[in-house]
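The following features are taken from TrEMBL:
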DOMAIN    1-406  domain 'Major facilitator superfamily (MFS) profile'
TRANSMEM  59-75  transmembrane segment
TRANSMEM  81-99  transmembrane segment
TRANSMEM  120-143  transmembrane segment
TRANSMEM  149-170  transmembrane segment
TRANSMEM  252-272  transmembrane segment
TRANSMEM  284-308  transmembrane segment
TRANSMEM  314-334  transmembrane segment
TRANSMEM  343-362  transmembrane segment
TRANSMEM  382-401  transmembrane segment
Amino acid sequence: MSIAIVEMVATNNSNFSAHGPTYQWNEHQRNDILGCFFWGFLLSAIPGGRLSEIYGTKIILGTAMLISSVLTIVTPLACHLHYYCVVAVRVVLGLALGVSWPSIPPLALNWVAPADTSKFMAHTIACALGAGLTLPVSGYIIALLMWPSVFYITGAISLVWTAFWFYLVYDSPEKHPRISSEEKATVTRETVGLRHSKGEKETPWIKILLSGPVWAIVVADFCLQFNTNIILNELPSYMDRVLHFNIKKNGLLSSLPYFATYLMAVVFCYIADRWRKSNKFSIVTIRKLFTSISFCIPAVLFLIQIYWGYDEVVSVIVFTLSQGFLAASTAGFISNSMDISPVYSGTIFGLAFTCGASTGYFSSKLVAVVTSEEVSFQQWRYIFWILIALDVVGCLFYYIFGSGDIQKWNSVEQNETETRELNRK
């Protein structure tokens, strides 16, 4: 949507050449279409993590992808019908995809050894690689086949992916019919003690919500997603309206931060897991170090952008590197929920993702408000200052409250015992 909307909205730019139907949406409506996707995220992330703990990731994530594929295909029709139809489709799309990230930890705990969790989480953000491929390809598809084709093609590809997901993925090695007994035994042995069993367990909500390490993850994720949502969602528009790139160049250059995100995440997580296996550093040291990298270096890059961001080359380098270093968070706080609470990792991830997802809407509204009178580099400088402030807050909060120890309330047996004692009283 972030690249297609450049061509969907009518503009006064003399260099603008329509590639499909255009709509008279104002700046607030344009940003609402991008931001309302995150309304759904706010509602479904926590239930998504909890439902995955109860029913398994396969059915929850698979169903979400099936729904999102269909909604993507019908998006051009919604645009033709009415602006509010587009908003409705985007909200429901957010509801469906909001369960995606929180559903991953319960699956990972059954398949991935503790020393490899960072590496696994790095590869789960291959979605960044997909987005990196989609943006430049979408630019050329729009130029050749008009913008509605982007939604038809990507929706169809998602349907194919969903079919493979249901065929190949199982919630645990014991349920997988196509792996050997030796492989099942190896995976079970390496994940013993952390394995996640499906079923309803009473969630210690009060203890989770009063936990400093949990809030360290939540606050860090909020600050990171605010950064990411502004850069990735608004970057195509920035390149179009501030740097004046054409649609092909826009799509190609807007994709670079996505490639950087995936590649740097793999590198950072490989290093983190090597250090963890060597026992040279504690888990909390590794998490805090990579979280600090993910905030401090982008803050310096945004400072450079404030003073020299009018230059095309500087802007592309800053946006690409900032997203690359933000990916260090994958080896930092993003993997931390599985460290502090394997049993409730999906719930914690959902809580953090919910707070982080709210930034998708608010970041779009922030850009709309700041640039309402004029979309210019001077106005964008205010936005970059806000991103720097958030980087500082996220880094300091996680450094103070972050932990690598399994929390006492992670024990199901202990929580049930305490509940019985309270009931007796």
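Backbone N, Cα and C atoms are what each Cβ position is placed from, and that goes for glycine too.
Across all of the domain 'Major facilitator superfamily (MFS) profile' (1-406), the predicted model scores a mean pLDDT of 84.
For the transmembrane segment (59-75), the most Cβ-contacting stretch among 81-99, 149-170, 284-308, 382-401 is 149-170 (pairs under 8 Å). Listed as Cβ neighbours of the transmembrane segment (382-401) (distance under 8 Å, sequence separation of 6 or more from its ends, same chain) are residues 212-213, 215-217, 219-220, 222-224, 226-227, 230, 288, 291-292, 295-296, 298-299, 302-303, 305-306, 309, 332-333, 366-367, 370.
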